[in-house]
Amino acid sequence: MAIEFTKYHGLGNDFILIDNRSSSLPIVTPEQAIKLCDRHFGIGADGVIFALPGENGTDYTMRIFNSDGSEPEMCGNGIRCLAGFLAELEGESRNQDSYRIHTLAGVITPQILPNGQVKVDMGLPRLLAAEIPTTLTPAPEKVISQPLEVAGQTWEVTCVSMGNPHCITFVEDVAAIELETIGPKFEHHPVFPQRTNTEFIQVVRRDYLKMRVWERGAGITLACGTGACASLVAGVLTGKCDRTATVELPGGLLQIEWSEIDQRVYMTGPAERVFTGKLSQFSSSNP
Ligand SMILES: N[C@@H](CCC[C@H](N)C(=O)O)C(=O)O
């Protein structure tokens, strides 16, 4: 059986998108996803995203496998790409510019703007230790500016869940961080029972942050949407930034707002289609 795919990226955070609307189970296994994401022996991507039928009254369901085959609850750049992919799949019959998407992090709503950018209602940030989850602070406390020993150094970290876990550290200079060495040590630190995404943030101005990220299950990526949202929330909680800011990532810029009105986080950024292809002689997990 041949499986068609479309490659998209959001600021260089790249994904293989698969039309999975005729089945409620992903047609690719986590093991197959690892192979497809391989940049030398596969297509190359940070993850594989499936467009599945909606659940609980939503328009569609998104599931995603990281490049290591693990399944995260949410992906910010990925859901913008999914919105572009769904618009493409619906073609002439498309009668809406926003979609209610069921994810493991709840219902998330991306909206395609007239300029082609996608604005996403990312929902409410979760701040309690048990919601991250982390054992760093006893539940039900929030984890704000807490010391954490990693690689023989004490880091001051703030933890935020956007459905998936994020551990944020504010630093003087993001370029000086040895991400490849320190990233995995944060990801696998015993205080994070479900591992963690790790963001290093340099506050350039109260409305402009520079970010580098080590993603759980994917390593260094050029951008992380949930990470940018979590970092802005961490910046507000620690008094370092405004509720609306531009986040500069190696792959480009995201606009993030933590609304004072509804307390939800909004993310705006691009979703770019790269190419389509066909996986021939591919044995589907769910024929
Ligand atoms: N790149 C994503 C996040 C993808 C999931 C992450 N690796 C995890 O395991 O939580 C984004 O843009 O949010």
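Using the three backbone atoms N, Cα and C, a Cβ is placed for every residue, glycine included.
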Candidate sharing the substrate site with Asn13, Gly76, Asn77, Asn164, Asn197, Glu215, Arg216, Gly225, Thr226 (per TrEMBL), from Asn66, Asn95: Asn66
Three-state secondary structure, which DSSP defines for Asn164 (substrate binding site): coil
Position of peak Cβ density within 10 Å, selected from the binding-site residues Asn13, Asn164: Asn13
Most distant Cα pair in Å, residues Asn13, Asn66, Gly76, Asn77, Asn164, Asn197, Glu215, Arg216, Gly225, Thr226 binding substrate: 16
Proximal but sequence-remote residues of the same chain as Gly76 (substrate binding site) (Cβ under 8 Å, at least 6 apart): Gly10, Val120, Met122, Met162, Cys224, Gly225, Thr226, Gly227, Ala228, Cys229, Met267
C-beta crowding around Gly225 (substrate binding site), within 10 angstroms: 28
